[in-house]
Amino acid sequence: MFTEADSIPRAKYANMMHSDPNLSSTMTQQTEEEYGIRNSSASAVGTGMYDRMSCEGSPMMMSPWNQATPFTQTQWSTVEENLPQNGLIGSLVREEGHIYSLAATKDLLYTGSDSKNIRVWKNLKEFSAFKCNSGLVKAIVISGEKIFTGHQDGKIRVWKVSPKNQSLHKRSGTLPTLKDIFKASLKPRNYVEVKKHRTALWIKHADAVSCLSLNDEQGLLYSASWDRTIKVWRIADSKCLESIPAHDDAVNSVVSTTEAIVFSGSADGTVKAWKRDQQGKYTKHTLMQTLTKQESAVTALAVSKNGAAVYFGSSDGLVNFWEREKQLNYGGILKGHKLAVLCLEVAGSLVFSGSADKTICVWKRDGNIHTCLSVLTGHTGPVKCLAVEADREASERRDKKWIVYSGSLDKSVKVWGVSESFIDMNQMSMMQQQQQQHVISHSEPFMSDGSFSSSAGGASSHRRH
């Protein structure tokens, strides 16, 4: 069902973009289980570390994880008046499951939920659906006519769109293939220890698939898992080329770039950069740099299209970023959420962060300054996933605008229109007065191993998602 928002006057859109100060920031154990985050054995730091900010009335600043920081503030950029507004276009609602994954391509939107159904939407109306029978759909990526889905049960399904009927989807296989599983099972050396007293084939994930990332140029698919590994697949023949023992806890996010670099974020509190080398028909990934080591779980990653900036979100509600010139250098921290950051997307000069606090923060990058353009509110549950597409109609008018899809555990997908030239003036005024929402300077020293020692650890137990 599509709920129209076009009947709302444009002047009222600004009212949608302020967080409700009365929203509860309490996350119950039931909610933790509901959005698929499991506790880690890693120790949590005490809340005494955190110096709560003084602006209690500010919706943006009510985070229980906000803390004092040694970094200096940057100045807010000036904004123009009479700029286009951001706002809700509509909602896609089908009361059958929490939304865990999204993927947008051309005029189609794919949504995955814990109902085991994958639904396809076109022009904001339900267009098609197909059942996967393989557990909660945690990730969806699209490569040409192929759709890859990652599942809670550790499986990766491959689907194809019918060339005669775009609404028909047929499962074309599973990764790894049954043939490869059979061949690998004949050799004892292909079994690795995945848990105490438990072994499994190295080509199979032994726990939930948390994230998928495509490198279309190289024809590769990356899958991250709670089994602490990243696996590399060749799309052409569905072969598993490599299994990377990447982290000491669940891998929550993986992003492949066009420059042979892969980034991974984990519940162990680290973000790692991997260098990909081609060795004949196979790949070899070596660790380049550990970007951060912190107590809070890394829950989301995003990389700008040109690879100039890497963003990661954490269970403490913070978004950190690195800037890349000749090497990766720590750039700053964005504070906009009061609960865990669950998803990130970068589009043009904008950064979008979705959170368990039910909001989406929209940031604009200009050099080393990030301005919070607006806070999109409307979901009644944690925002679990985001997808962003260029607004083609706005592009024709030379107005750089984006269509943002947000999936939530409230069982809905909301559709937003966001302009790069719009700034919520009320939000900006509040930020300036409190001087709390800011980007920090490049003053923090790096450790000898090249990693940044972050003090942004949180007392949250939301480590896997």
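Glycine residues also receive a Cβ, built from the backbone N, Cα and C atoms like all the rest.
The feature compositional bias 'Polar residues' is assigned by Swiss-Prot to 21-30. Look at Swiss-Prot and you will find 13-32 tagged as region 'Disordered'. Taken from Swiss-Prot, the feature repeat 'WD 1' applies to 94-131, supported by sequence analysis. Here Swiss-Prot flags 132-169 as repeat 'WD 2', drawing on sequence analysis. Among the features that Swiss-Prot reports, repeat 'WD 3' is placed at 204-243. Sequence annotations record features per position, and here Swiss-Prot assigns repeat 'WD 4' to 246-284. The repeat 'WD 5' annotation in Swiss-Prot covers 293-332. Sequence annotations record features per position, and here Swiss-Prot assigns repeat 'WD 6' to 336-373 based on sequence analysis. Sequence annotations record features per position, and here Swiss-Prot assigns repeat 'WD 7' to 378-426 based on sequence analysis.
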Averaged pLDDT, computed only over the residues in the repeat 'WD 5' (293-332): 93
Chain residues in Cβ proximity to the repeat 'WD 4' (246-284) (below 8 Å; excluding those fewer than six residues from its ends, i.e. six or more beyond): 38, 40-42, 207, 210-215, 217-218, 220, 222-230, 232, 290-303, 307, 310, 312, 328, 451, 457, 463-465
Secondary structure content of the repeat 'WD 3' (204-243), with strand meaning DSSP E or B: 0 helix, 24 strand, 16 coil
Counts by DSSP class (helix H/G/I, strand E/B, coil) across the repeat 'WD 5' (293-332): 0 helix, 25 strand, 15 coil
